[in-house]
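Going by TrEMBL, these are the annotated features:
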type: DOMAIN; residues: 9-161; note: domain 'Phosphotyrosine protein phosphatase I'
type: ACT_SITE; residues: C15; note: active site, nucleophile
type: ACT_SITE; residues: R21; note: active site
type: ACT_SITE; residues: D135; note: active site, proton donor
Amino acid sequence: MPIKASTPSSVLLVCLGNICRSPTAEEIFRQQAAIAGLSMKVDSAGTGDWHIGHAPDERAQRHAKAHGYNINKLVARQVSADDFRDFDLILAMDAQNLADLQSIKNGITNTDKKLAKLALFSEEDPTYGGDDVPDPYTGDGDAFEEVIERIESSAQAWIESWKI
Ligand code: 4NP
């Protein structure tokens, strides 16, 4: 597939806990990128520190698996300033995550290396553009299904945006 020169070679997906939305997005993005023939580093992290070292939430694992996404080996970590030097593009699942990431980015003073571009995960999505991927943590099964539906749509939109 011919792709734009501006296509990132690394993408970091970020939510609050890194146990529900962003690990799901990591696997969906990885699979969609592979199908599109894009060679890209894909990872995920959380703005919070409560779940560092934990596997994804069991409900997220179960719903992801039902759609063909195996996330049970992923391990939660917290986003850091280094991520802005290590990734080309950092995508926030919701507006609060975006604000928290922007303040980390604003605090980076030593900027000899180009810092990651920051955007909302839904930004390119013709269906869900500008929306949050809603936090499913206190929700029911439908909330986890909605997360998958929105992530599949918005990940596809990013990949489409990189095609020539
Ligand atoms: P996530 O969901 O940000 O999609 O991983 C959450 C997971 C944990 C918490 C909140 C949201 N928490 O408050 O512990």
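Here the Cβ of each residue, glycine as well, is placed from N, Cα and C on the backbone.
Remember, TrEMBL labels are computer predictions, not curated facts.
DSSP assigns R21 (active site) to a helical segment in the three-state reduction.
Here the C-alpha separation of R21 (active site) and D135 (active site, proton donor) works out to 7 Å.
Cβ-based neighbour count (10 Å, all protein chains) for R21 (active site) stands at 33. Regional average pLDDT for the domain 'Phosphotyrosine protein phosphatase I' (9-161) in the model is 97. Neighbour density around each Cβ, counted as other Cβ atoms within 10 Å, peaks among the active-site residues C15, D135 at C15. Between the CA atoms of C15 (active site, nucleophile) and the residue listed as 'active site, proton donor' there is a gap of 8 Å.
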